Amino acid sequence: MSSGGLLLLLGLLTLWAELTPVSSKDRPDFCHLPHETGPCKAKIQAFYYNPIYDTCLKFIYGGCEGNANNFKTMDECKRTCAE
């Protein structure tokens, strides 16, 4: 392959790497769990990461059990799973 072709390939690979979003494999596994209210009856506003929409959303947490895809703030959710 000519040096011009190699340079073009390197440029395209660099562009692809810059434009490709962070892979979901870099997120903790629990970010892919569905939100889970749990069996308790409290009505606590919480946030979970939704991998389909690649964003954090609100849900009502019951106050016990559930899973690790449960954050007290939107910022905490985004820092952990969405960035």
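Using N, Cα and C of the backbone, Cβ positions are placed for all residues, glycine too.
Swiss-Prot annotations:
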{"type": "DISULFID", "residues": "CYS31-CYS81", "note": "disulfide bond"}
{"type": "DISULFID", "residues": "CYS40-CYS64", "note": "disulfide bond"}
{"type": "DISULFID", "residues": "CYS56-CYS77", "note": "disulfide bond"}
{"type": "DOMAIN", "residues": "31-81", "note": "domain 'BPTI/Kunitz inhibitor'"}
{"type": "SIGNAL", "residues": "1-24", "note": "signal peptide"}
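Overlay of Swiss-Prot feature records on the structure.
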residue	record	CB count, 10 Å
CYS31	disulfide bond	19
CYS40	disulfide bond	13
CYS56	disulfide bond	22
CYS64	disulfide bond	11
CYS77	disulfide bond	24
CYS81	disulfide bond	23
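Calculated from their C-alpha atoms, the gap between CYS40 (disulfide bond) and CYS31 (disulfide bond) amounts to 22 Å. Across the structure, CYS64 (disulfide bond) and CYS31 (disulfide bond) place their CA atoms 18 angstrom apart. Mapped onto three states, the DSSP output places CYS77 (disulfide bond) in helix.
Across the structure, CYS31 (disulfide bond) and CYS56 (disulfide bond) place their CA atoms 10 angstrom apart. According to its DSSP assignment, CYS31 (disulfide bond) is helical.
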